[in-house]
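Since the structure comes first, as structure tokens, the remarks are kept for the end.
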Amino acid sequence: MPQANAIDIRDITKVFGQGAEAVHALDHVSLAIREGEFFTLLGPSGCGKTTLLRLLAGFEQPTAGVIGLYGDDLAGLPPFRRPVNTVFQNYALFPHMTVAGNVAFGLEMQRWRRGDIERRVEEVLSLVKLAGYGQRKPAQLSGGQQQRVALARALANRPKVLLLDEPLSALDLKLRKEMQIELKRLQVETGITFVFVTHDQEEALTMSDRLAVMQDGKVLQVGTPAEIYERPTRRFVADFIGDTNFLQGVLGRAANGEIQIKLDVGGMVTTRHAEAHTEGERVTLAVRPERVDLEPVNAEAGEDTGRLRGVVETVVYFGTDTSYRINIDSLPEPVLVRVQNRQGAASPFASGDSVRLRIPPEAVQVLVD
Amino acid sequence: MSGRGGNPLWRFAGVRPAAALFFAYLYLPIVILIVLSFNANRTVTIWTGLTTDWYVEVLSNGDILRAARNSLIVAFSATFIATVAGTLAALGMARGRFRGEAAVNGVMGLPLVVPEIVTAVATLLFFILVGIKLGLLTVIIGHTVFCTPFAYLPIRARLEGMDPSLREAASDLYADAWRAFRRVTLPLLWPGILSGALLAFIISLDDFVITYFVAGAGATTLPVYIFGMIRIGVTPEVNALSSLMLLVSILFVSLSFLVQRQR
């Protein structure tokens, strides 16, 4: 049996404004979010990720397209009739109510019995580690605690899907790291489907089961963090997540499961994946800095495939690794290479040294565009 | 005010005396009025001793009590209508931008800048044209008109300062529009509504010009009554009555201020 989809987004378009001032916040977006997964919408501000979340919550209605929740069409359903709950970016706690009052609000609106409400509030407050804080007012809590109340208030209703709109962006770095772990724990413990919006690529990679990278109202790529990082299909995705070197070349013929690519800068590399392309096509390659090895230029090299000559421009020591910027003739941008530091070893290369870059086949990702 | 340096303006010679003079000019007459309201001598300029007789006289004067009753009826009615109208207007204006919003906002505040005498004459003319007999009702209608912007402004300001995501949060937590309003918007708006109402109340209580024009027989309010007494001469009763009105006004302004400050 295939895993059930919690949310089916089919061909959603959202246009704000009219005529010449119309803004396409979402442009034919389709996504399937599976039951019980931690799904992240990742992209820069203005990419449409928050708009998509607001469409799921019901604060906005789509201009075109269908949103299904466990097969039910959500069209026209106001927020208060949707079995989903939201954690707002600024928490949006009711300042005139106590913490317990805030958490109980949704249950009261659903006409739970008083005793059940009290029990549930206790339960959820201890779930977010705020047991005993029920009688405080939100203003008496720290930012991190307010964040937990916002989570508790949403989780109390046992939503089918929890929507989180950049909930960690207001916290300082240390607290943010803590809450990342906390959120992940809550998601695993409750088994609730999380849809998480963020512009922080590291957050997206570390927390998500799967993520969608968005730009200009479009979904560019959907996949697991490893898929997105290792196999980006678009230049924007490769560039937005982590550091990437881009090289241009022409696709050659395939042999032994490896496809040769003749680089514009001279030299050859091979890759194992170029399904979307045919021989003779011009392609852009994405190469992660840590997948490239450096060799001294005088080393016995064998054949030249997968090797490029360059000159070290800068060396930056990062503790766990060392980062090199390598100038290659006729490349406008230096190539970034990151080498993990071995025990006790100082950098074998200095600025001005001639080096060879070894780019193994698995380091080469051919982009779709 | 804080620290050794304080306001740099204090460096200039004459700032202190000028400020003192200004406040003296503003408040000294009022202080004198209050002091004289306790003067035992009927002649204003001669101090003979302390008495509260004038207050007793004021509070046992049937005409004054009737005028006070009228003032309160007018103030409460006008305040109620103006506050309800102001609240609805503020809620409506906060719903979203629309064509002509700036114009509507301007018109809403217009009663604050139109010279009162113009409003008074126009209102009187209107009542005569429509054929409404002048009385307490016409005073109430007149007061409602100029009280509404005073009630509206603090409510609007409060609403403007309210996080719009609070309403969304209520709606997200299964509250329909009415319950979101009752449980979230209204409690948060309450201080604004109360302070708007209190402001409207004192404005109504103090009004003379419009009341003088549109009050029919038997609809005399306290300010109009005081004006009538003054024409005969400034008596200690006038001082006592004015002091009482001042007390009520200060009470309401302080209340409004306190309510506004609390969250």
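Cβ from N, Cα, C; glycine included.
Over in TrEMBL, the protein carries these features:
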type     : residues  : note
DOMAIN   : B:68-259  : domain 'ABC transmembrane type-1'
TRANSMEM : B:20-40   : transmembrane segment
TRANSMEM : B:72-94   : transmembrane segment
TRANSMEM : B:106-128 : transmembrane segment
TRANSMEM : B:134-155 : transmembrane segment
TRANSMEM : B:184-203 : transmembrane segment
TRANSMEM : B:209-228 : transmembrane segment
TRANSMEM : B:240-259 : transmembrane segment
In terms of Cβ proximity under 8 Å, which residues at least six beyond the ends of the transmembrane segment (B:209-228) contact it?
63-64, 66-68, 70-71, 74, 116-117, 119-121, 123-124, 127, 133-136, 138-139, 141-143, 146, 238, 241-242, 245
Please give the sequence-distant neighbours of the transmembrane segment (B:20-40): residues at least 6 beyond its ends with Cβ less than 8 Å from one of its Cβ atoms.
46-55, 236, 239-240, 242-243, 246
Applying the under-8 angstroms CB criterion, which one of B:72-94, B:184-203, B:240-259 scores highest with the transmembrane segment (B:134-155)?
B:72-94
